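A short worksheet on the structure shown next.
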Amino acid sequence: MPPKKRNSGTTQSKGLKPSAESASPDKRESPELSLKKHRDKDAEFVTLCKSLHVTDLVCDRAWTLWKTIQESMDEVADNQKRLWGACLFVTVTDMDVACFTLTQVLKAVSLNVKQFMSLVRKLDVNLDTISTKVNSALTRLEKKYDVTLALYQRFEKTCKKIFALVADGKERETMRSCWTMFLLAKGRVLQMDDDLVISFQLLLCTLELFIKRCPPDLLQPLYKSSISKVQSPPTRTSRRNQSKAKSRPPEPEMDVQLLETLCKENECNAEEVKNVYQTSFSAFLDSLDLSRSPDFPQVNDLDQQYEEHYLKSRDIDGRLFFDGDETVLVPKVEILQGERTPKKNLQDEDAVLIPPQTPIRAAMTSIQQLRGDLISSGDQPSTNLDTYFKNCTVDPTQDVLKRLETLEQAFSQRFGQAVGPRCVILGKQRFTLGVRLYYKVMEEMLKSEEKRLSVQNFSKLLNDSTFHTSLLACALEVVMATYGESSFKTGGYNHGGGDQADTDVCFPWILDVFKLSAFDFYKVIESFIKADPTLSKDIVKHLETCENLIMERIAWRTASPLFELLKQEHEGGAAEQVETPASFSQPLQHNHTAADLYLSPMRPGHRALPPESPATASSQASSQVLTQPAGQTPRHPKSNSLSLFYKKLYRLAYTRLKILCSYLLSSHPELEPIIWTLFQHTLQYEYELMRDRHLDQLMMSAMYAICKVKSVDLRFKTIVTAYKNMANTNQETFKHVLITEGHYDSIIVFYNQVFMQKLKTNILQYASTRPPTLSPIPQIPRSPYKFPNSPLRVPGSNNVYISPLKSPRMSPGIMTPRSRMLVSIGESFGLSSRFQKINQMVNSSDRSFKRTLDLGSAPKPLKRLRFDVDGQDEADGSKSGGDSTLIQKLAEMSSTRSRMQEQKMKEDAEARKE
């Protein structure tokens, strides 16, 4: 059993003494809290600080934060102590001092993880209450909690199939030791401890160890019979020869048959788990001197070692999941959400219930599908691909192989550094899958180009190193996203979270590993998706989000080739503008291929290849000089890659602006095209404002500027409040804006010191009697990434759609949406009232609004800004005269949304009763 006082003050002070490594002028003071210094503070607050062993400085800063929050909140009486806990958490995270763990503060204020996270985020009524550093820490903790919860739920379910119930409850003690050992293994093996797949594979390894060392009477028949008779645990005789054993590497004690049974029962790839066992888990067992031991690990030893790890990490005590502790329990609301999953109305007694779609099942299904799709793809170029290589004027085969060898080493080493020191071999596994996908997609691309162009010599394209690196990077991004290792939990930002960037393989990590520019990577995305129709909808969406991140921000980093292309287009007499406003209203033609984009532009003064043969090797075509009339300056060829980039950029920009306008300016629809004109002008002619900045920073600035000159009452803090509730936004966007080189501040400072200074003359034109001509509105087409299994409208109908049958490889759990109503033709559906509800839902005028903007909890306008001066809360220093009509409108919208949510919950409750 764990030590009874693991959360006591004794353990706390022992485990978290201030160390030299974290020492700073602020952190060298005595760790003991001096009560005399805090007589000006609430006695209960000081008592809380003392129980959490905070220093005098932490106590002072947390109290200052509390006073700021107290001034801006309406009612705090009921949850004052909880808010104090949140203030202390924010303070120690910002200061990066080791005072208490997350679990300790949760227990001190009687909250569970989700409630506490929600409370801390709600403190952000002041733009600078929650720093980007705290937000990053919250995101990491939330992700780790979700992963650990999913793992524990699977652990508990699996143990019921493994262990038999015995009179003395011995199986519970065994399970507890197993869970504690797994937590310790995860903590020591993985630096990126929110990796769900590798963590789950480690859990299976731990279960294997305990099963084969279990007394037979503790095991269910399936697992009792799965233990290999040949690979029995070492006898005690072998323990007497420990000196000899240490002189040679210990042999892995893995029971292959047992491990394969565990993997089969849990839909996990056995080869991958064996690899994790041999490379990571065996080394972990060695560190505990357990590799050659036939006995169970000592419970107290495991608890003590995990206690040390938990106190060092300062987050959640994972043992509490086993205890059913209230601090880690799933909120009841989330449990009800899971129960809403519709079950098929089958009368057959033998009907099989559809299993719920859990995070682990979803991950295992995705991996199984990816590996299944790549079974026929080898680690070497196929015969067809080899033929394409040999048809080239210059055969690229050797360069391709050499490049792969170099990039494999770089990828696996960096993967190991991020995920865990013994995970280099797992990085090589990911790379191998990526190579198979790279070859598969390349072959499909070339087949498509051959069909389109009726040529077979693709020498120029296949000898382009950037094309190959981008294609491989895209394949690896797909692999890592499938394994859940690449996501957008930080919105693509890698600063502000301490050392988190070092243990984060989320996009755009792969670009940094391959030293690849985002603009070059963007060129391959659309062709990649079209070339592989087996990609799941989630993966297509992931790649589309990568593309959006590139257009919003990543392609605008200082070193990006995008700026050189723009400079050539604007200053070098380009044949055409980047993108003419007249073409905005035209449909976006998705007929550019990777070949078009990687071979464009050509060098200045040289003619581009004709569009019908972009991939052929023609040295004459690439060296012919443009024919120009005498006396004229030679013009650069138009860049296909830049043109398509800007077409997509404009459409993305307008889509996001339209959403924000629909939320804030629905009573002033005439302003949207004016804001768009300023926004579009900035992107086309003042593109330097995008350098090391974000598209949305220009969008919000343009909105504020136009409202100001048109005398519409819209404050910046109201814009930011609405922006925070849009999809795919990050608070860094408005809190951490580049002002001058190396100096960052809020978006209001950016507007005052940069945006308005640069565009002042242009902005004022909109207040004149002769404003600038409005830019055409871009046509927003259907996404080019068409999903083969998306619902299709039945011809001749308005609201009737059909959905094709999913792939048979997919788990049936994927086909159980939690919040939609399903109709199966030929099957009893129940009461006619359900059809009426569907009609109401389909015809609802709010449907499109809800899909484009999910506001979550009711938004409250920001009450204070830290960068306000003497109560002035506007960018130009004007004072507010009370709540504006816009804020009232926000409150009305929030109230309407709350009523809709209540009605939805009532309907769901009725549906469950039926």
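Each position is counted from 1, following the chain as shown.
Even glycines carry a Cβ here, placed using N, Cα and C.
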Among 287-318, 607-638, indicate the range for which TrEMBL gives the feature region 'Disordered'. 607-638
Which residue counts does DSSP yield for the domain 'Retinoblastoma-associated protein N-terminal' (88-213) in the helix, strand and coil classes, in that order? 94 helix, 2 strand, 30 coil
Per DSSP, what is the helix/strand/coil residue tally across the domain 'Cyclin-like' (655-742)? 57 helix, 4 strand, 27 coil
Overall pLDDT for the domain 'Retinoblastoma-associated protein C-terminal' (763-914), taken as the rounded mean: 56
